[in-house]
Amino acid sequence: MKDQVLPFEKPVIELKSKIAELKKFTSESDIDLTSEIKKLEDRLEKLESEVYGNMQPWDRVQMARHSNRPTTLDYINEIFEDFVELHGDRLYGDDEAIVAGVAKYNGTPVTVIGHQRGKDTKENIRRNFGMPHPEGYRKALRLMKQANKFNRPIICFIDTKGAYPGKAAEERGQSEAIARNLKEMAGLTVPIICIVIGEGGSGGALALGVGDHIYMLENSTYSVISPEGAAALLWKDSNLAQRAAESMKITSYDLNELGIIDGIIPEIRGGAHRNVAEQANNIYETLQKSLQKLTSYSKDELLEQRWEKYKKIGAYTTL
Amino acid sequence: MLKDFFSKKRKYATIPREEAKQDIPEGLMKKCPQCKQIFYRKELNNQLQVCPNCDHHHQMSAWERIHMLFEENSFVEWDRDMISENPLEFPDYVEKLEKDRQKSGLNEAVVTGKGIIDQYETAFAVMDARYRMGSMGSVVGEKIARAIENAREENLPFIIFTASGGARMQEGVLSLMQMTKTSVAIERFSRAGGLMISVMTHPTTGGVSASFASLGDYNFAEPGALIGFAGRRIIEQTIREKLPDDFQTAEFLMKHGHLDKVIHRHDMKRTLSILLEIHQPGGES
Ligand SMILES: [Zn+2]
């Protein structure tokens, strides 16, 4: 698969291909360009840290949407052992926009749930582009309750543009399904850890997002509406998405500053897709610390702290 | 039966002076958006803003609703002075808030408090779509969460009338998180055995529909109210299909099993009263 190049990283990619060209030339001819290559490699190192060290909100939006960005299943395969996927909401059907199942994390049984995008058209159609119907959220809730019964921690991966805006979704109660998850998750007495790995789009993301610890990958986003949608609503012009991405405060750094998340999980330079195994390892380590802390609390403490956590989110004053 | 209701109602439908100022009609007459007939505002007021011709339920202000339901002088308002900040420093947001404050006489899009319906004391939250389309920002979320907490602490039922276009864009992800805050509050309240009744009025959409509005022990709606998660236009664009006229109406939701009942406004107080009675500890003695 050809690597998708994002506009802001073009200079890096161009320099990389130039280096590759020179290397090829050197190996095929008698002219030695080793010192030139070395120079360019030094420049690349500098350029990369410049470009990826100064990513703007819009760059991160594009990174979060990168076609090769690792998905929930990619991370499940790297992080957990013995994953057994479980299907269906027992009411209507099985929504493949959400995957869920039991697995082991470092030997400990856990329940893992996440939005699942596709990486190509065929898989995206099967996964409905990671945009769930009510049955997806109801499957998630069914398995969270199972986790609660058997006292297993729950780990949620958030990666969706939003709940699917369709006719059938409304008929089957999209609002109710999301609302119920918010309420029921609040009352589960096992640790819940949520990690935004790509796009965290609105209520459809939130429905897997009520937890004790919330983390975001460095280049993920979490927002009430997509930048395009915000631009259309606020300024009647979806071309102003870049500006909306900045003013809506949707990056991991913004949410950390607003006190909504518990931490940022650093990304591989150039984006998580550059090295899935290494990225998964960063997540693994965050999970380890988080689980260690959360499993030390009693059920009552978990519920109380969850309330305290959400109670304080908001900005208001009095006249 | 209807006559009964009105003769009874008139006794305590007088609006205290302070709120009366806020509800001065712009004109003497009002056109029904549904049947296009023109009515005296006074006539509509007497009918609780229900069209005498076509039964269309006009939108009501929060205070009109409170006066319709609660005994005169029985209610206490909570957190009246809480106002929004501008956490994302959105241009014009503060001005817009101020403008709606002037227009509606409200400090935010929800009025919370407690009062007495017939003889039953209950906590309430009533949203008002005239203020920023009833959108939910930090203040709306906080006031509703606090009202639920108060209900829990004082052992009162909680009734909410929703009217909202959803999350408030200008507060970004903070407004999204109010969905969670209110839902966590409801879970605590519910776990303590509290009774919650949700009445969805026109319109109840987006993040409000996908949180507290759908979380009552009883979920009701007024006739014809627009209720749904995604906007009609967005759905039509997504599925490239024209949607039926009744799509996302209260009746549509009822048909698909998402509502306990669609309640005519003229029957609202009586129905709520019956449920409050049924939920009295030990029943009526
Ligand atoms: Zn009419």
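Glycine residues also receive a Cβ, built from the backbone N, Cα and C atoms like all the rest.
As annotated in TrEMBL, zinc finger covers the listed stretch B:32-54 rather than the other ranges in B:32-54, B:55-77, B:216-238, B:239-261. Neighbours of the Zn(2+) site: apart from B:Cys32, B:Cys35, B:Cys51, B:Cys54, residues of the same chain with C-beta atoms within 8 angstroms of the site's C-beta centroid are B:Pro33, B:Gln34, B:Lys36, B:Gln37, B:Pro52, B:Asn53, B:Asp55, B:His56. Contact annotation for chain A: of the listed binding-site residues (B:Cys32, B:Cys35, B:Cys51, B:Cys54), none places its CB atom under 8 A from a CB atom of that chain. Mapped onto three states, the DSSP output places B:Cys51 (Zn(2+) binding site) in coil. Note on the binding-site residues B:Cys32, B:Cys35: the fewest other CB atoms within 10 A surround the CB of B:Cys35. It is B:Cys51 that, of the binding-site residues B:Cys51, B:Cys54, has its Cβ surrounded by the most other Cβ atoms within 10 Å.
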